[in-house]
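Pulled from TrEMBL, these are the features on record:
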- 18-121: domain 'Ig-like' (DOMAIN)
- 135-262: domain 'Ig-like' (DOMAIN)
- 272-398: domain 'Ig-like' (DOMAIN)
- 410-523: domain 'Ig-like' (DOMAIN)
- 564-587: transmembrane segment (TRANSMEM)
Amino acid sequence: EAGFAVTAISRTPGVTYNESFDLQCIIKPHYPSWVPVSVTWRFQPAGSTEFHDLVTFTRDGGVQWGDRYAGFRTRTAIEKAESSNNVRLSISRASDTEAGKYQCVAELWRKNYNSSWTRLADRTSNLLEIRVLRPVTKLQVSKSKRSITLVENRPIPLNCSVKSQTSPDSHFAVLWYVHKPSDADGKLILKTTHSSAFEYGTYAEEEGLRGRLQFERSASGGLFSLTVQRAEVRDSGSYYCHVEEWLLSPNHAWYKLAEEVSGRTEVTVKQPDNRLQVNQTHKNITVLENEWVTLECQVSSRTSSSSQLSVEWYVWRPGHPEKEAVARLSRQSTLRYGDLATLGDLRGRLHLESPSLGLYLLSIQNATVRDSGAYDCRVEEWLLDPSDRWYKRAEDLSGLTTLTVKQPDPTLQVDTATNNLTVQEKESFLLDCSILSRSSPESHFAVTWYNLRAKEAGGRTEEEEEEEERETVLRVGPDAVFSPEAGRWEGRLRFQRFSAVLFRLTVLQAGGADTGNYSCRVEEWLADPNGVWYRLAEEESGTVAVHVQDAGSTLQSVICSNDALFYFVFFYPFPIFGILIITILLVRFKSRNSSKNSEGKNGVPLLWIKEPHLNYSPTCLEPPVLSIHPGTID
């Protein structure tokens with residue numbers, strides 16, 4: 001078994017239907033005839049993950065076929081070369097059944113003295129993937145487009161032409177479709193299978209076309225015709241055919257080789273001229289919440305006095321890219337609500353009436369802000385066709401009525417007066433939040449108290465900047481639901497509501513960390529006509545500067561912690577003392593002037609000497625001369 005190896009090769013990895021292909025299992029080295037070798041071809045079908053034995057060339061020259069693929073036996077030949085142990089597998093008339101992966105397994109045997117066999121070695125070859133391809137299609141269908149305009153009760157001729165085909169044995173299935181502007185895809189009218197069976201489509205069943213359809217096929221087989229008898233307006237649309245080419249596979253099964261779509265035939269079935277007109281005057285309406293509003297839809301003229309009208313109201317709401325249906329009054333006077341009215345509360349507040357011919361009124365009771373938008377109506381006119389069936393002849397849109405529903409003007413006002421408060425440590429302090437005015441007696445309020453403490457800014461400059469750190473102390477919602485208390489406030493807050501406009505927060509057990517500026521923010525909430533609460537306004541109160549004084553604080557700390565006291569002690573006394581000193585100096589100066597005449601010589605007063613021992617005799621030409629004589633000092 002030294003050097004024992006197996007290789008699988010094929011010169012035709014891809015074949016077409018009905019073609020043949022060969023697979024070679026090459027065994028090396030070349031063993032003499034007295035060394036038996038068995039070869040098994042295994043097969044894994046396309047799309048499967050399991051291998052199964054296809055055929056085995058036994059060690060004694062016999063052939064054993066696998067049980068799973070009996071169909072291979074009639075179209076498969078296995079041959080072993082005389083000069084070598086190579087085994088060739090030939091498959092004819094290939095089809096999808098033969099597509100997949102192939103590999104061969106070789107086993108080396110030795111015959112023992114007692115005529116028993118021992119397998120010395122086995123080798124598995126590489127995988128060979130065989131692709132079985134369908135024939136290249138030559139199907140071509142006419143792509144020419146045409147337009148037909150006709151009046152009611154005339155036939156609609158439709159043609160579908162096959163210009164070329166892959167094989168003379170090709171069979172065709174033809175599907176006829178019609179596409180309406182209101183539909184995303186075409187709807188099936190009629191289908192003829194490759195075996196010439198007829199099947200009516202959903203459109204023929206829904207529109208009652210079965211009795212008006214006529215299908216023909218030319219003798220040559222390449223031209224197909226469909227005629228719609230007694231055309232009606234609703235038959236207008238874009239018609240086309242879908243052709244499928246079918247061939248018989250080597251396994252005697254029909255398969256679809258190709259398909260193509262023809263060009264379209266635009267069919268227009270005319271009706272009487274449209275004279276429907278709806279008033280297209282634009283209007284603006286502004287109302288307050290809870291008021292009633294009426295929207296008009298006026299039909300100015302119509303095609304026939306016997307026609308029936310359907311009216312549908314739409315609205316473009318702010319923030320919505322597309323218009324939404326509000327309500328529809330059918331031609332049988334059946335009222336149907338749109339998605340907007342069905343899903344919302346609008347349904348119970350709509351009132352539709354027609355007080356006169358051609359006038360339709362839509363009233364909205366207890367209007368809300370959400371009802372604001374641009375409204376219009378679409379009117380459809382229906383006539384009776386020759387088959388006594390109603391069809392829509394025309395439609396028209398009215399002008400836009402822009403409806404604005406306003407909320408009450410907010411008049412919320414909160415007390416913005418500032419205050420200073422100094423408390424001792426462990427004492428309580430009060431934070432009042434007073435509402436001076438509100439927008440409505442039905443208002444509810446949400447009150448939030450904040451603590452604003454100065455903190456150092458992250459980056460320092462030559463002059464250090466300070467900013468305020470805003471901390472929520474307590475929030476009481478409009479539904480009287482309290483927010484969780486923060487860590488350092490837990491268990492120290494007491495809330496009181498003395499009236500609808502006066503709220504008080506009491507902070508117990510004040511500490512040094514509570515020092516800071518406090519304020520409250522008030523949100524005013526109102527309920528709309530549907531009972532849905534919305535925030536109308538919000539205002540911020542003035543600040544209360546709270547200083548918590550330590551139990552052992554000095555007089556200096558008390559003075560410095562209070563701005564008013566600081567100015568009173570350190571600023572205001574200086575100008576007062578300055579004025580007092582100036583007054584004393586003026587009085588002293590006047591008293592000295594008055595003593596010149598009584599106690600001094602030459603106008604010099606005596607301050608320290610009882611007797612005049614100082615002489616002062618200045619003249620205009622020489623400097624003054626001062627002389628001091630002995631005397632008595634007082």
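Glycine too: its Cβ is placed from the backbone N, Cα and C atoms.
Annotations in TrEMBL come from automatic prediction, not curation.
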I'd like the per-state residue tally for the domain 'Ig-like' (18-121) from DSSP, helix first, then strand, then coil.
9 helix, 53 strand, 42 coil
For the domain 'Ig-like' (410-523), the number of residues DSSP places in helix, strand and coil:
6 helix, 63 strand, 45 coil
Quick one: DSSP breakdown of the domain 'Ig-like' (135-262) into helix, strand and coil?
12 helix, 66 strand, 50 coil
Using DSSP, break the domain 'Ig-like' (272-398) down into helix, strand and coil residues and give each count.
12 helix, 68 strand, 47 coil
